[in-house]
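J.: Structure incoming, see below.
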Amino acid sequence: MVLGLSSQHSYPSTLALISLHDHRILLPGVVSRLVLRTRASAQLIKQLSGGKEGRSNSTFYMGCAPVLSKKDVNGQITDGREQENSNSLTPPPTPTEVKGSSPAAVSDTIIRQTQIEELESVQGADNERLYVYGCCARIIRVERLGFGGFAMFVEGVSRFRIESVLQHHPYTVARVNYVPDNSSAALIGSPNLATTNPDLYSAIVAFRSVAREFLGKMKELSLPEPLTVQLTKLVESSSPDTLSYILTTVIETSFEEKLAMLREEKLERRLEMASDWITRQMHVLKISSEIQSTVQDKLSKKQREFYLRQQLAAIKEELGESNKDDDPLLGASGGATTTDEDEIRQLSQRLKDANLPEEASAAAQKELKRLKRLHPTTAEWSVVRNYLELVADLPWSKGSQDILDVARARRILREDHYGLEKVKRRIIEYISVIKVKGDLKAPIICFVGPPGVGKTSLGKSIATALNREFHRISLGGVRDEADIRGHRRTYVGALPGCIIHGMKKVGVNNPVILLDEIDKTVNSSNHYGDPSAALLEVLDPEQNNTFVDHCLNIPFDLSKVVFIATANTTDTIPAPLLDRMEMIYLPGYTFEEKLSIARKYLLPKQEKAHGLLPGSVQMSDEVILRIAERYTRESGVRTLERHIAAVVRAKCVELADKREEAGVKSEPTAEEMRCTVDLGDLEGILGIEPYSAEVASRKSSPGLVTGLAYTASGSGGVLFIEATQMPGKGDLKLTGKLGDVIKESAQIALSWVKSHAYKLGLVAYERGVLLDGVDVHIHLPEGATPKDGPSAGIALITALVSLFSQRLVPTTTAMTGEITLRGQVLPVGGIKEKVISAHRAGITRVIMPERNRKDVEGDVPEKARQDMEFVYVKEVGEVLQHVFGDKLSWQLGVEARL
């Protein structure tokens with residue numbers, strides 16, 4: 001395609017158009033780099049350059065027209081009226097003056113390209129809107145890019161206005177009309193310009209003056225010397241119109257301002273606009289320079305003060321007038337500002353008001369003097385300030401006033417918790433001694449018991465009874481000693497340990513601190529240290545009056561703190577730590593105790609939580625006991641509380657449904673809230689009963705015995721022992737995930753039975769072999785649960801005797817006790833928990849060692865003692881006699897002769 005030439009200019013009157021996106025505009029005299037990526041652009045470059053890359057001896061021209069976005073069209077640029085003929089354009093109206101005009105008046109004509117593929121990088125958009133004015137560009141060089149596009153270097157030569165679009169595909173071709181300049185170069189250089197065209201002359205003089213001033217500002221920015229030399233030549237040698245185009249591109253101007261420069265035909269108007277924009281840019285540079293100068297002056301002043309203080313300190317030292325309390329370099333203020341000095345003054349007053357002990361006061365004053373010597377901008381200043389704030393915030397001598405009212409304490413403990421008489425008695429003893437003596441070291445108590453029996457909530461009740469602040473520290477999973485004793489201040493972001501942090505939080509030196517789950521700290525020997533060992537000093541009444549936290553590094557008195565620890569078991573607590581605490585065991589609740597707790601505490605609590613009035617949900621004792629017996633199997637009452645909450649929610653749903661059906665929107669009355677829960681409602685609300693009377697319903701068979709166990713969670717349980725025999729070689733097989741101790745108990749039981757087989761009537765003659773051609777298999781159900789300990793000894797012997805004699809053992813009889821090879825029955829632990837679990841399971845008779853009689857009489861609840869029969873034995877023979885009676889031919893007194 002041959003592009004025609006304009007008769008007025010030596011530039012083509014028909015141009016292939018490249019659309020400029022992202023508010024880019026090309027002006028005459030400006031060199032720009034265009035990146036072209038589309039297929040239409042590649043065809044255009046091949047058409048213009050003949051497929052040759054790099055520089056060319058031939059001169060090729062193309063048109064560059066800015067693209068107006070929808071935002072420009074709708075909000076900033078005024079739309080022109082579209083023509084029905086897509087190849088013709090509406091001529092733009094006469095340009096208005098830019099000064100004082102709104103941005104919406106800058107552009108007055110928009111060309112809509114209909115059915116044109118996008119030429120540049122904006123893909124998938126609607127038809128582009130090209131501004132009616134553009135710039136003819138001379139192609140300087142074309143380079144191929146690595147990703148398939150082209151980079152084209154072009155120079156703007158003349159402005160034009162698009163008259164019509166001649167071609168849409170594969171690229172846009174338009175007929176253009178070049179914008180004439182109203183002042184030629186000869187006229188501008190004429191010596192009579194001041195008289196022939198005074199307005200243009202004044203505009204040129206003012207513009208060059210502003211341009212020189214702008215050049216001076218640029219030199220003040222310490223730009224590279226080659227750049228300043230090039231700018232100087234440009235200002236002195238370029239014509240005013242070319243210089244206006246270049247400076248408009250260099251300085252910060254908006255898209256609308258560049259559009260105004262592109263379309264303006266009068267040279268004096270273009271120079272005036274350029275002068276205004278350059279002046280505005282110089283004002284911005286001036287403000288920026290003033291800000292930098294102010295910051296630099298402040299920095300220089302501080303540096304000057306620093307050097308002067310150094311010299312002053314050196315002079316004072318030479319004269320022997322140096323003040324040791326002042327900084328030898330920065331003086332007493334340390335270079336701190338007035339605000340920092342006020343902060344230091346307030347901190348000093350807080351330290352005085354804290355009434356520090358002598359050692360703590362000396363350390364604090366030392367750090368305070370150090371703080372005054374430091375500069376506030378240093379990192380050490382913040383570290384010292386935070387340390388002093390910690391010291392000032394700790395309650396060194398501030399404590400809460402105890403209410404030594406024994407009757408009040410009894411009432412609070414009774415209202416909050418049911419039973420737990422040992423714990424309540426211990427707290428009443430503490431209050432009574434303080435009331436009599438006036439002072440007493442705070443107790444260090446450890447509550448040990450199964451989950452859900454109220455260990456944690458009991459700590460809150462004790463704090464309320466003593467009128468003290470309460471703070472809870474969870475030790476479960478703690479594995480770092482620094483969590484207890486804090487981090488040393490040499491570490492960045494060092495913090496005090498949980499003990500000192502708790503004292504700071506409560507604000508008094510005599511709170512009740514609950515160390516929850518003390519048995520679940522991670523005892524390790526790695527580089528983190530052992531948190532249990534760190535607790536030794538905290539829980540030692542002879543040492544905790546001088547407890548030293550690593551971060552605080554000052555002795556702090558913890559002797560007035562009532563420490564209460566909770567644990568599910570003492571097996572995982574180190575012996576030295578266990579020795580420092582007063583152990584109080586909290587057993588599991590019986591069904592009667594759960595009934596009372598549910599009636600007095602749980603049900604009212606759930607009624608309040610669900611917005612019901614007290615007494616709205618009527619539940620009989622039979623219903624509550626059914627929930628406790630058939631829907632829970634726990635020592636505590638957490639699951640029981642969840643089930644009661646489910647029942648209350650179900651009744652709330654019924655109430656809401658009834659009110660919706662009746663169309664009632666007012667607040668429900670007490671009569672409407674009242675509802676009754678029957679036994680028949682439980683299955684519909686809680687589902688099928690997961691537990692049943694397991695022991696009572698289990699069918700007795702030879703070799704089946706009921707034992708008692710003490711679980712790792714601190715609760716008791718019923719343990720079934722099953723024994724059977726089969727043809728074999730006399731081996732013993734044990735299953736059920738058993739530990740070494742219980743395996744040894746099984747071996748002892750089998751050895752005892754084999755050695756007494758004739759006396760028990762299990763073999764026909766005295767030297768008969770019990771396991772001749774027979775193997776014995778002993779299994780303890782619930783194979784996924786680990787089992788260990790010696791307390792199943794008499795149950796194992798009874799199971800073997802039952803198996804070989806084919807005698808039955810009543811399922812309502814349970815037993816526990818350790819055995820020896822001589823047949824003696826030794827005492828075992830966890831009697832209270834075992835008896836309570838047996839009572840819960842429906843056991844009516846328990847056989848146990850004689851030496852455990854005191855545990856039953858002292859710890860087992862009265863209700864369990866009344867409902868159950870306790871048989872105390874010293875020897876295995878007595879066990880078998882009570883279990884089998886006259887059905888077993890056993891010679892009494894044989895054990896005494898062994």
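Each Cβ is built from the backbone N, Cα and C atoms, and glycine gets one as well.
Small disclaimer: the values here were computed from a predicted structure and weren't measured.
Heads up, here are the entries from TrEMBL:
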DOMAIN    15-282  domain 'Lon N-terminal'
REGION    78-105  region 'Disordered'
REGION    320-342  region 'Disordered'
BINDING   Gly449, Pro450, Pro451, Gly452, Val453, Gly454, Lys455, Thr456  ATP binding site
ACT_SITE  Ser791  active site
ACT_SITE  Lys834  active site
J.: Around the ATP site (Gly449, Pro450, Pro451, Gly452, Val453, Gly454, Lys455, Thr456), what further same-chain residues have their C-beta within 8 angstroms of the site's C-beta centre?
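T.: Going along the sequence, the neighbours appear as Phe447, Thr566, Asn568, Leu586, Ser635, Gly636.
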J.: Using a 10 Å radius around each Cβ and counting other Cβ atoms from all shown chains, which of the binding-site residues Pro451, Gly452 yields the largest count?
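T.: Result for the most crowded candidate: Gly452.
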J.: Using DSSP, would you call Gly452 (ATP binding site) helix, strand or coil?
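T.: Assignment for Gly452 (ATP binding site) reads coil.
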J.: Between the Cα atoms of Gly449 (ATP binding site) and Lys834 (active site), what distance do you get, rounded to the nearest Å?
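T.: Here the two Cα atoms lie 13 Å apart.
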J.: In angstrom units, rounded to an integer, how far apart are the Cα atoms of Pro451 (ATP binding site) and Lys834 (active site)?
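T.: Per the Cα atoms, Pro451 (ATP binding site) and Lys834 (active site) stand 15 Å apart.
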J.: Excluding near sequence neighbours, so keeping only residues 6 or more apart in the same chain, what lies with its CB under 8 A of Val453 (ATP binding site)?
T.: Leu586, Pro587, Gly588, Tyr589, Ser635, Gly636, Val637
J.: Limited to the domain 'Lon N-terminal' (15-282), I'd like the whole-number average of pLDDT.
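T.: Within the domain 'Lon N-terminal' (15-282), the model's average pLDDT equals 72.
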J.: List the same-chain residues at least 6 positions away in sequence whose Cβ sits under 8 Å from the Cβ of Lys834 (active site), in sequence order, or say none.
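T.: Correct list: Leu708, Ala709, Tyr710, Gly716, Gly717, Thr816, Val846.
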J.: According to DSSP, does Lys834 (active site) fall in a helix, a strand, or coil?
T.: helix
J.: In sequence order, which residues at least six apart in the same chain have a CB under 8 Å from the CB of Gly454 (ATP binding site)?
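T.: The list for Gly454 (ATP binding site) reads His417, Leu420, Leu586, Gly636, given in order along the sequence.
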J.: What are the sequence-distant neighbours of Thr456 (ATP binding site), meaning same chain, six or more residues apart, C-beta distance under 8 angstroms?
T.: Arg472, Leu514, Asp516, Thr566
J.: Return one of helix, strand or coil for Ser791 (active site), based on DSSP.
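T.: Where Ser791 (active site) sits, the three-state DSSP reduction gives coil.
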J.: Inside 10 Å of the Cβ of Pro450 (ATP binding site), count up the other Cβ atoms and send me the figure.
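T.: 24, counting other Cβ atoms within 10 Å of Pro450 (ATP binding site).
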